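Written below as structure tokens is the structure these notes are about.
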């Protein structure tokens with residue numbers, strides 16, 4: 001069978017999902033799980049964009065031993081230098097350099113002629129090649145670029161030393177036959193004295209990212225880019241787990257295999273969903289809760305007689321266990337640590353002590369603590385510790401019909417407490433009014449969403465909030481058994497994110 005490379009951009013393009021911002025530790029943990037899953041290449045970040053991204057890419061480069069690490073760069077020498085410095089200690093460093101090629105980008109964003117663009121490609125790809133053995137070039141918005149000019153751009157990049165050409169459907173504009181034809185034309189017309197790998201990077205604006213990626217494979221692409229669970233800006237990226245299982249289940253048609261360990265797929269999906277704070281839709285292909293459920297009586301009858309009547313793959317193939325051994329109030333530190341390890345978390349001993357205390361609190365309230373509860377526990381702890389303040393106490397009191405009084409005490413990382421009291425038409429409004437008095441930043445609540453982490457009346461609640469301050473949007477996530485406490489935690493994190501943003505602008509936080 002032929003082999004195709006899997007290029008994961010969860011930590012770069014995936015993190016551009018509105019409301020998603022991975023911490024340093026979360027990025028490192030995800031990178032380790034991606035390597036365990038078996039991806040060939042990880043796009044660890046955009047080093048020139050921020051010190052945080054640079055540090056994360058550097059740490060990932062120094063940690064991974066089997067997976068190539070890529071840094072993204074614009075066609076600018078300073079960007080390329082930043083990638084070099086961040087990835088120079090990687091075992092397999094790669095550079096991904098890009099510049100837009102479509103008429104609308106040339107005219108309105110870059111203010112360049114086609115000739116100037118080709119000169120820019122030559123200059124920066126050749127500079128990148130002087131620092132890296134492997135250079136990938138992407139003509140941004142390739143699918144809205146005239147095909148003849150796209151061939152010129154790619155030929156120019158190949159002549160300058162690029163050995164990987166990535167074709168991005170940046171705005172999810174293309175459809176399978178058109179996208180596949182782009183690869184066919186490029187492979188037939190671009191000449192090279194060295195081997196060139198063609199890669200596909202699709203967005204899901206029209207719901208065609210996976211279909212377009214498969215069409216690219218059918219027309220010669222040997223590298224596919226995407227993100228776990230298909231996360232990414234706007235409608236998201238190609239869902240890598242869907243491509244992987246599509247190739248495996250229909251290997252009779254494609255004749256192509258990946259290096260992915262398919263039984264690590266569900267664990268990888270759950271880990272990313274937990275850190276991103278985005279629940280996987282129940283009907284999501286491959287990893288959704290309903291992916292292996294059968295509701296129809298006819299389907300159930302057939303499935304019970306022979307599973308293959310209505311299942312083209314087994315839950316075990318993607319790592320879904322037929323039975324789960326839940327933790328309980330009698331579970332000790334060792335069992336809890338082992339569960340964290342099973343779920344893909346690489347957590348310091350100090351943090352494990354903190355998490356174990358919270359776990360015991362949950363176990364006292366629930367008969368069984370499921371894997372989803374543990375994911376929620378880690379996620380909630382991560383969001384709380386990343387916030388500038390933590391919720392110390394929360395008290396509510398009925399004042400009169402429709403009016404509640406809330407007393408909130410927040411604590412900063414140095415242990416200083418900030419009390420506040422307020423009233424409001426309802427408990428949530430009262431709590432948020434009290435928090436507003438502490439942060440002193442008038443905000444507008446744009447979205448408030450509450451979901452149950454698990455089934456049952458004893459389930460933990462996850463609250464996602466979206467607020468606007470000074471015209472900018474901030475997000476927060478809170479997890480707790482108590483809905484009001486989860487709501488308060490989410491609102492505090494969103495306001496903390498605004499505080500951190502303001503500090504960065506003032507030069508306080510790098």
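Cβ coordinates are placed from backbone N, Cα and C, and glycine is handled just like the others.
Residue 203 (Mn(2+) binding site) carries a strand DSSP state (E or B). Residues annotated as Mn(2+) binding site in Swiss-Prot, with sequence analysis given as evidence: 13, 201, 203, 237.
When averaged over the domain 'Pyruvate carboxyltransferase' (4-266), pLDDT in the model lands at 97. The domain 'Pyruvate carboxyltransferase' annotation in Swiss-Prot covers 4-266.
Annotation comment: Swiss-Prot describes 390-510 as region 'Regulatory domain'. Look at the region 'Regulatory domain' (390-510): DSSP puts its residues at 36 helix, 56 strand, 29 coil.
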Residue 237 (Mn(2+) binding site), number of other Cβ atoms within 10 Å: 30
Residue 13 (Mn(2+) binding site) in three-state DSSP notation: coil
Fewest other Cβ within 10 angstroms of its own Cβ, chosen from the binding-site residues 13, 201: 13
Nonlocal residues around residue 203 (Mn(2+) binding site), in sequence order (Cβ under 8 Å, 6 or more apart): 168, 169, 170, 171, 172, 209, 232, 233, 234, 235, 236, 237, 238
